[in-house]
Structures are given as C-alpha cells and as structure tokens.
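To start, the structure under review is shown below, and the notes come after it.
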C-alpha cells in the first residue's frame, strides 16, 4: 500500500503543532522526574537503586502511564514522517522539542507544586494536565493511501468468501451440517434416555419449557454451518496475519544496520537516561551548596536538549550530511561526556556537562530520520515500535543499575563509567555496521575471463 505524496506543509503544520503539545504534556513530567526523585528518597527512606525504579518505570516500560507515552510518541513520529519528506528533519526537530520544553517547565513546576500541595497533590495536578492530550489527538488525520477508496461496509454473508484461504467452502459446509445432524441425533438419544429413566419427561418440560423434540429447520442448520465456517476462516486469516507479522519482523532484523540500531538504542538508554534522573542527586553527593544553584541542572538539560533537537533536525535535512554518521557521532561524544562526570566536583563543571549531555540527547530528533532511511517509510511504524520497546527497556534498567552501583560503592564514579561505556559500545557497534567497507567485502569480484591458449600441431617433417 502506497501513501499519498507527502505534502510538506498544509495540514502537516497542524500535525507538528499538536504533536509538539502531545510530547510536551506526555513527557514533560516523566523526564523531569529527577526533581521528584529526591522527594521519594526522603519519603520512602530506601536505597538509591530501589528508589530509582519509580522514576525509570515512569519513563520506560511497565506502567500504564509509560505504555500510553510509548504509544503517543510512536504515533506523533509516524504521522509527522507521513506528512513531511523534504522537511522531515525540521518537522521532527520541532515536535521533539516539545518533550524538552516540557522538561524545562515541569522541572520548576513540579518543585513549586510539591512545595504548595505536597507530593500527592503534585502528581494529581500533573495527571489532570495530561488529559489535554485528548484534544491534541483529535486533530491528527493520517494520510490515506493513493489507490484506496472509502472502505466498503462488509456484510456477514460476504465474509466467508472474502476471508477464504482454501477452496473448501462447500466441503466445510457439508462437514458442519453433518456435525449438527450428529449433535441433534445425540440430543434425541439423550432425551429418550432421560424419559425412560428415573427422570420424568413432565418434570423436564416443567423446568425447561423451551425444550422441543423436533429437528431445527434445514435453513437454520445451514445458517449455523455458515457462521461456523466463517469463524474458522476468520481464525485462519488472523493466524496468517500473525505469521506475516513475524516474517516481516525477521526480515527487519536481517538488515544489519537495523540490528545494530536496536542494540545501540538499548545501550544508549541504559547509559544516557540516568543523568536526567540522577543529576540533582549527583550534585548533592558532590557537596555542591544550594546557594550555588543558579538554575536546576535538570532545567539546563531540558533547554539544551531542545536546542540540540532543533539544530540536529535542521542538519539532517542537508543532503551532504550522512544522518547515520551524525547519529553515531552524538553517541560517541555523549559516552565520553558521561565518563567525565566523576571528575566534576563543582556546580560550574556539572552545569557544563549537563549542557553537553542535553544537547547530544537531542539526537532523538534524528533517530526517526535514521530509522526511515534504514527501513523505508512503509515499514517505519513496525520498525519504530520495535526500537521504542528496547528504548523503554533501557530507560527502565539504566537508573536502577546506576543506583545500585552507588549503594554498593557509595559513589557515582563507577556508575557513570559504566554508563559511558554502554553508550560508547552502542556507538561503535552502529559505526561498524554502517561502514561501506562491509558491503564492498560481501560483493563478489568479477571472475577474470578465461585465458585462451593457441597450440600448433607439430610437423612430421
């Protein structure tokens, strides 16, 4: 099925606007959960590793809210890619800044709400604000396929032919009618047995007056047989769709760049997400005084993430820039920045590293672009759903692992070395998979033309 040509404007800008606000309302609070993390540490009195599960599940997988966020993110990205082609990088950059702006605003808003209404009141108000996503979703109109008319209303009588996989309709109908006949004869035998036994027929009729001893009309039997056949064919059709989905999934993983991409996004979220959750506690563990805080570190990450998403999205639209290599560069630089966090002992250095990490986290705006170039726009929704599952898994695992490292060593040093190693490893795996060298090695060299030798017959003279 081919979609209509992307309009690169028009209603697409409405899609960009509502997608921006959807990500703003959906991801603002989960990404700014670092503000609430300190409150949870004080409220529950548990270790950092166990408490980090609360924030990681809110932004990853496993909770109802995070499930909704995952569906919304995939929907906004997919519909934006449908409406934009030439300006896809700019459009993705604009919508993805919604979560970053939300991070910046919700970081200050949640701190103020906790102050005035407590932790429970803050969460109730944030949940009420998220209901505005319903209004945003009502404006999203997917593009119709270019060769598709309005769907025809399907009546039950037409469904067996439409869903028929094997040419066995007549045979199945006869089998179903025979089964019904056998059931009727069994029913008659059962009734006669009951009538001749200790049970009296009159008491049965008194308890169940609807029981009759006549066979159902042939038309009714045929109707039941047709419905039974329809259910069997529908089950076969659904099974065939499931097999097709599994086959398409396997075909995606045969693409070595896509396979490396899913490993990279998993490792990136294991190592790259903890700073947004734990940076405030890192500053407190480094004995940074409250008076030195010109701006919350989480807000700095939010501002620079918005800037990074916009600038990287604009860069992705330039024809001379390889978007995949650009994404790999952000992973490698981010891994090095994570390894430098243990050396930061003042607010200034932590704020500088937060800026760098925030800007590089803006690579989320080019990730859909990279996915589209890897698998094509037709398979984007399928491939992106798989990648987002592993991204959510990484979000869920990263903060608890870092928290456990702290509980074990009473310092964040080893934890951030581990985070940096994960992101670096993902970047280098993706780089190796994307190198054109491997493609040239797999190509068979043309066979040389056979050498022709001329022989002379020796003379007998």
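The backbone N, Cα and C atoms fix where each Cβ goes, glycine too.
Any TrEMBL annotation is an automated prediction that lacks curation.
Keep in mind that this is a model prediction, so the values were computed, not measured.
Copied over from TrEMBL:
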type	residues	note
TRANSMEM	12-37	transmembrane segment
TRANSMEM	57-77	transmembrane segment
TRANSMEM	89-109	transmembrane segment
TRANSMEM	115-135	transmembrane segment
TRANSMEM	257-273	transmembrane segment
TRANSMEM	293-312	transmembrane segment
TRANSMEM	324-344	transmembrane segment
TRANSMEM	350-371	transmembrane segment
TRANSMEM	383-402	transmembrane segment
TRANSMEM	414-438	transmembrane segment
(request) Select the range from 89-109, 293-312, 324-344, 350-371 that forms the most Cβ-Cβ pairs under 8 Å with the transmembrane segment (257-273). (result) 324-344
(message) Can you tell me which parts of the same chain pack against the transmembrane segment (350-371), counting only residues 6+ beyond its ends and a CB-CB cutoff under 8 A?
(response) 77, 80-81, 88-89, 92-93, 96-97, 99-100, 261, 265, 272, 275-276, 279, 282-283, 286, 288, 294-295, 297, 300-313, 315-316, 323-324, 326-327, 330-331, 333-334, 337-338, 340-341, 344, 380, 383-384, 387
(message) Short question: most Cβ pairs under 8 Å with the transmembrane segment (324-344), which of 115-135, 293-312, 383-402, 414-438?
(response) 414-438
(request) Report the listed stretch (12-37, 89-109, 115-135, 293-312, 414-438) having the maximum count of Cβ pairs within less than 8 Å of the transmembrane segment (383-402). (result) 414-438
(request) Go through the chain and flag residues at least 6 beyond the ends of the transmembrane segment (293-312) whose CB is under 8 A from any CB in it; none is fine as an answer. (result) 31-32, 34-35, 93-94, 96-97, 99-104, 107-108, 111, 275-276, 279-280, 283, 326, 330, 347, 350-351, 354-366
